[in-house]
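What TrEMBL says about this one:
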- 17-323: domain 'Acyltransferase 3' (DOMAIN)
- 21-42: transmembrane segment (TRANSMEM)
- 54-74: transmembrane segment (TRANSMEM)
- 95-115: transmembrane segment (TRANSMEM)
- 135-155: transmembrane segment (TRANSMEM)
- 162-179: transmembrane segment (TRANSMEM)
- 191-212: transmembrane segment (TRANSMEM)
- 219-239: transmembrane segment (TRANSMEM)
- 305-324: transmembrane segment (TRANSMEM)
- 345-367: transmembrane segment (TRANSMEM)
Amino acid sequence: MTLPPFEGVRTSSKKIVSLQWLRFVAASMVLIYHASVYLDLIKQSSYGLERFPTWYGSVGVSLFFALSGSLMASAMTKSTAPQFLLHRIGRIYPAFFLVVALVVLASFVSPARALLDLHAMTLFPYGKTSYPLGIEWTLVFEIMFYMFVFLLILFKKTAQASSFLIGWLALILVNNIVAPDNPAVNVFHPYTLPLVSLNVSFALGMLFPLVLKRVSPHPILAALIAYAVFIAGASHSVVGVRWGMGIGSALIVHSLTQFKGVDFLRSKAALNYLGDKLGSYSYALYLCHVPVIKTLYELMGDRPVATQFYVVIAAAFLISIPIGEVDVRMYRAIKGRIDRSPGSVTWTLAGLYTAAFCWFTVLAIQAPG
């Protein structure tokens, strides 16, 4: 099955500018949320929490997941199964390992210490919380989702992807009814990970481009619907909130992929360039922001909390720029190498990774607790 080309305004690299801006907004929401939470935890100040809603973090993550889902709807038709998996590995792990290495080096002179667990560093389903960057639990969800799409490609089921996604959503719904999500838990064992309502963003983000190819609301209408669904879900339970966020995030992403834009977006090359860069750096910002926040809060002593709050936000943005540039260049080189590699090499590497994923997943299932 071949998907129709997206209609959104694109940069020269064929990225949709509005989605790049959305990536940046999502990363910024998570950054602001963590700056607020850690100000409260480390400085015992509610300055940030009083000024920014606590749902910023959850909505930011939901948008990231929906963006991944939308991207996979297109990516699954453009490469072989091993190429797809290796592209995803090359996108996630190099920057992750780079930031972890920087955090470990910084910990020698910083009051903030990195917690290292080699099992957790694989980003395979684990069920424990000893992550050095504090955000890896979301990457575990990403890896699980990539394996799902990899299997669709491997077994030549991309044409039936919609049916599998609807079935997945049904399983999530049944599990949510039988065993509702615990809002205090954000790391999960392998047997519960695929059934958590956080996955709704992935599933719908991928489903909407497949079943609503020529139907999409205007982004403003999509945002209004998303807000209404979010409020409706929030009036029920954490499961309702997550389903509301998943539906709303996926709808917003889908509306932006189909939206043809307005004149100022088409004509302002500088604005498009800025959006493309900020979106490209959003993964680096997502990876590095918690260590930056914790370290600077520890180092800034008794300075006014408002100053500290905005300093850590600005610092995270600035530090993410060089890391983001390295990340973009690394991925470009890695992807090019993967695309030039013979099939025997890509199949071998993808097979080894899949075997490791399955092995560590089985070990995690068998582990006590």
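Backbone N, Cα and C atoms are what each Cβ position is placed from, and that goes for glycine too.
TrEMBL does not curate its annotations; it predicts them automatically.
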In terms of Cβ proximity under 8 Å, which residues at least six beyond the ends of the transmembrane segment (135-155) contact it?
-> 30, 61, 64-65, 68-69, 72, 75-76, 79-81, 84-85, 88, 92, 96, 120, 123-126, 129, 161, 164, 168, 186-188, 193-194, 198-199, 202, 206, 286-287, 289-290, 350, 354, 357
Between the stretches 54-74, 95-115, 191-212, 345-367, which one has more Cβ pairs under 8 Å with the transmembrane segment (162-179) than any other?
-> 191-212
